[in-house]
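A short write-up of the structure that comes next.
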Amino acid sequence: MAGEITETGELYSPYVGLVYMFNLIVGTGALTMPKAFATAGWLVSLVLLVFVGFMSFVTTTFAMEAMAAANAQLRWKRMETHKEEDDEDSSTASDSDLLSQDNYERAEKRPILSVQRRSSANLFEITDRVEMGQMASMFFNKVGVNLFYFCIITYLYGDLAIYAAAVPVSLMQVTCSVSGNDSCGVDTDARYNDTDLCWGPLRRVDVYRIYLAIFTVLLGPFTFFDVQKTKYLQILTSMMRWIAFAIMIVLALVRIGKGQGEGHPPLANFLGVQNLFGVCVYSFMCQHSLPSLITPISSKRHITRLLFLDYALILAFYGLLSFTAIFCFRGDSLMDMYTLNFARCDVVGLAAVRFFLGLFPVFTISTNFPIIAVTLRNNWKTLFHREGGTYPWVVDRVVFPTITLVPPILVAFCTHDLESLVAITGAYAGTGIQYVIPAFLVYLCRKDTQLTFGYGTVNKHRSPFRHTFWVAFVLLWAFSCFFFVTAYIVLKETQL
């Protein structure tokens, strides 16, 4: 989230963009969804998943409309700059020319109707990659910009804490099982405690923290440097992810087909809705990365239809993954990281496949952690940046990376409850990024567009949900979710 206009990059077709967006949305959250489904009940989970997916689609169209409006503003400013330069070149005009110039200046104060008639469609073409931070600075006031960065930073901290916990948890589960009496893999029927022994005198929690320390030492230093994910690394991790998902779905279907399915999920259990909601919101998170995905698409003529198709496919995939999981495994045996349910001999006979699935999150998450850390560091720098100012070397190279790295590692040190981490991150910061920010962006950009270009201007990428009712509905849903989750957590804590 650099907060500025960046290079568009190499263009790609709409269908390639569809694949990129699918890969962006379907990530770590999908691995925690089966357990959340089993806890909340299959009917409640299905209804909430579809509704959250629909709301995410609505706000995605909001964000795309705001991107088009931002492009129009930037394009109009460039046109204004060129006109001013032309005016300076014609400073020796005659009296009649001056009169014409006076008429022109008066016309400039009115909405640009001539521009609307000539090229209003092209005016809103999305060609410049305007990041969310830049859009916030264009349409929000100073308080709004600061709240935007606070929300983004909180979400990225949650992301890093989830990643920092997921890798050591996977390593602990696999290696403790292999080194113990059950050398055949993770025993999901056994109820392990953090105080159970793993290696000799070392408890499971000790092994987890050792892995966390190794993870921090190996990947933490990247926070102090600039790093980006190469195309080939992205292709490799994407292939690993889809191979893993395909194996899990096929194996679960085979077990169910053979009559070995152990799952009997309830229809509804409202006590599990809080975690499910956070997981669902987290699993549809993409709005903060839309400028990087949408802008390079070569033809955006039917982009809204493609987005709808993408969301339908993602819903189908989440449903397939979660329903095969909850009917294949008992609810109390489903683990926070669904991949660990397949690290058992009775589920997967081939040792190589067991280790691949058990350690799959380690490889994919480890490649993402430095990227997110650098993004968070840059957001901190942007938040405190002042025009024309520079940071001292110590602040730039030591302080910002340190405040980026330390908090999520401390959170991961204190807890490795991945389902709760995902739920809290999604329910709070995720609600802000996915609902509140796009809703305010589209509302304010519409007002700004009307003031600048006139009330008859039509944004070619405007959302199908163009009525103000939808903005109010999204905000009402967001604040209702926020208060519901907060009340649930408070009531749960007071009962302990």
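Our numbering is plain: 1 for the first residue shown, then up by one each step along the chain.
Note that Cβ sites are derived from N, Cα and C of the backbone, with glycine treated the same way.
Copied over from Swiss-Prot, here are the features:
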type	residues	note
TOPO_DOM	1-10	topological domain 'Cytoplasmic'
TRANSMEM	11-31	transmembrane segment
TOPO_DOM	32-36	topological domain 'Extracellular'
TRANSMEM	37-57	transmembrane segment
TOPO_DOM	58-146	topological domain 'Cytoplasmic'
REGION	81-100	region 'Disordered'
COMPBIAS	91-100	compositional bias 'Low complexity'
TRANSMEM	147-167	transmembrane segment
TOPO_DOM	168-204	topological domain 'Extracellular'
CARBOHYD	Asn193	N-linked glycosylation site
TRANSMEM	205-225	transmembrane segment
TOPO_DOM	226-233	topological domain 'Cytoplasmic'
TRANSMEM	234-254	transmembrane segment
TOPO_DOM	255-265	topological domain 'Extracellular'
TRANSMEM	266-286	transmembrane segment
TOPO_DOM	287-306	topological domain 'Cytoplasmic'
TRANSMEM	307-327	transmembrane segment
TOPO_DOM	328-354	topological domain 'Extracellular'
TRANSMEM	355-375	transmembrane segment
TOPO_DOM	376-397	topological domain 'Cytoplasmic'
TRANSMEM	398-418	transmembrane segment
TRANSMEM	422-442	transmembrane segment
TOPO_DOM	443-470	topological domain 'Cytoplasmic'
TRANSMEM	471-491	transmembrane segment
TOPO_DOM	492-496	topological domain 'Extracellular'
Report summary line: Of the listed stretches 37-57, 307-327, 422-442, the one with the highest count of C-beta pairs below 8 angstroms to the transmembrane segment (147-167) is 422-442
Query - Stretch of maximal Cβ-Cβ contact with the transmembrane segment (37-57) [cut-off: under 8 Å; candidates 11-31, 234-254, 266-286, 355-375, 398-418] - result: 266-286
**Report entry** Listed in sequence order, residues with CB under 8 A of the residue listed as 'N-linked glycosylation site' and six or more positions away
**Finding:** Arg204
Query raised in the report: Is it the case that the transmembrane segment (266-286) and the transmembrane segment (471-491) have 3 or more CB pairs under 8 Å, with pairs at least 6 apart in sequence?
Result: yes
Requested in this report: Given the cut-off of 8 Å on Cβ pairs that are 6 or more apart in sequence, determine whether the transmembrane segment (234-254) and the transmembrane segment (398-418) share at least 3 such pairs.
Outcome: no
Query raised in the report: Are the transmembrane segment (422-442) and the transmembrane segment (355-375) near each other by the rule of at least 3 C-beta pairs under 8 angstroms (pairs 6 or more apart)?
Result: no
**Report entry** Per-state residue totals over the topological domain 'Extracellular' (255-265) - DSSP helix, strand, coil
**Finding:** 3 helix, 0 strand, 8 coil
**Report entry** Annotated stretches the transmembrane segment (398-418) and the transmembrane segment (205-225) touching (3 or more Cβ pairs under 8 Å)
**Finding:** yes
